[in-house]
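Feature list (source: TrEMBL):
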- 1-25: signal peptide (SIGNAL)
- 32-459: domain 'Carboxylesterase type B' (DOMAIN)
- SER219: active site, acyl-ester intermediate (ACT_SITE)
- GLU341: active site, charge relay system (ACT_SITE)
- HIS446: active site, charge relay system (ACT_SITE)
Amino acid sequence: MGGRLLSYSTFIVTLGFLSFRGIDSRNLPLIADTVYGPVQGKREGTSDAFLGVPFAQPPIGGMRWKDPQPPSAWKPEVLKADTQPPGCMQRCIDPPFACPTSTSEDCLYMDIYRPSSPESDGLLPVFVYLHGGKFESGSCSAGIYNGRILASAMDAVIVCINYRLGAFGYLFLGTDPTTGEDVNGNFGLKDQIAGLEFLKENLESFGGDPNKITLAGQSAGAQSVAIHMTTDEVSDLFQQGIMFSEPFALPLKTPTDAIKLGQQFVATLSCQKDVMTCLRSKTANDVQSASDISSYSEVNLRKLFQQFQPWGPVVEVQPIKMFENGQYQDKPVMLGSVTEEGRIFVYDLIKDPIVDFFYFIILSVFVPGKSNEILNHYPADSSLADQREVVSQLAADYVFTCPIQHVAKLMFIQKGLNVYHYIFDQVFSDPEAWDTYVGCYGHVCHGGDLPYIFGSAPFAGFCIPTRKKC
């Protein structure tokens, strides 16, 4: 099959990728009749919003650390879906625009937006989004993910799915010797799949085409998309993928690594006996505190990158290896990065400016035996008083840019797929948006593309400067 590899393409292809034109859902009532019961949304400008639609039973009590189950039917009652749901439990240290205003363990909800007066006939294409946040934070209720403008602009149904985070979503303990229960993590990934299954069954009620689903995600959300792309069991749940800023070089945990973290978590809560009964007796806040504490309890310099993502999916084979082995679905894909992906992480990790000598020390400690080779490609810049600029570019290329380009080329060469590659370089310069992330003001940082993807700056409390003043 012939294919196209479009490198460094204009970022607007993000939106063009969705442009299947397909129902005159104009004049549809603000009630969607799902198989579980009717859902009443609300009109927001030129779009209809269905906020907080449950796609699974609440993962609380005995359902904590269990696979998601379909929601209980509420018909004939009408479910009011006009209020943003809480985010899943977390300690959000992301920029304010990516954090929820409230959290709860009862969080398995999705937000659905559709144009109130679509231009097209037939069912609309669907854009399903998985938020980022290191698998520890983020939420569909964050203003940056408001899909109201995107739905109207692209004549598409926009969906955002919440999923469990931190220890709630990724605790791995193996088999409980007391009860024989398997606690094998990846509950957050299973939540995403449950959301896709709900959509497959109910999208037509919202005017969407279940056979025209684009699964997209940024950062940890992009890692989730990559995992789903390499899992045959979910191949019928979406037709194409978008990976925004996929950090392919960040290793996901193997079962061996994950069980060590899980044991530390259990010890933090003093639950070594009758483990699961004890863990489920703890309050959600207790679990969240233990999740935070155990995240950074052990620092292994040989696996330093895992410290950037202590909780997350547990895999036998890293996703990038799956792509290299040709073990992925034959679907069109778009993937790419922003120009300064590493900056936000380097400036967060290294609080103060560093001089040339300290840059050499960093390389010697973290990449022994390769520091000279790296210096040939990323030499210290004597014109700069702060070498964090150089470290940031090195981190961006190693974690994001180079492996993303590598995977894009693989998919084209191996299978001739339509692969769209982009680099985003628009400076997002609102200082209030970046808040304490001072290293990002005036730069193109990780996540700086989000307000352009969704057109959601007004809902996040800031503005994108244009020819007109904000």
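Just so it is clear, glycine is given a Cβ too, placed from its N, Cα and C backbone atoms.
Just so it is clear, the model here is predicted, and its values are computed rather than measured.
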Statement: Rounded mean pLDDT within the domain 'Carboxylesterase type B' (32-459) lands at 93
Query: Does DSSP give HIS446 (active site, charge relay system) helix, strand or coil?
result: coil
Query: Tell me, how many other CB atoms lie within 10 A of the CB of HIS446 (active site, charge relay system), whichever protein chain they belong to?
result: 26
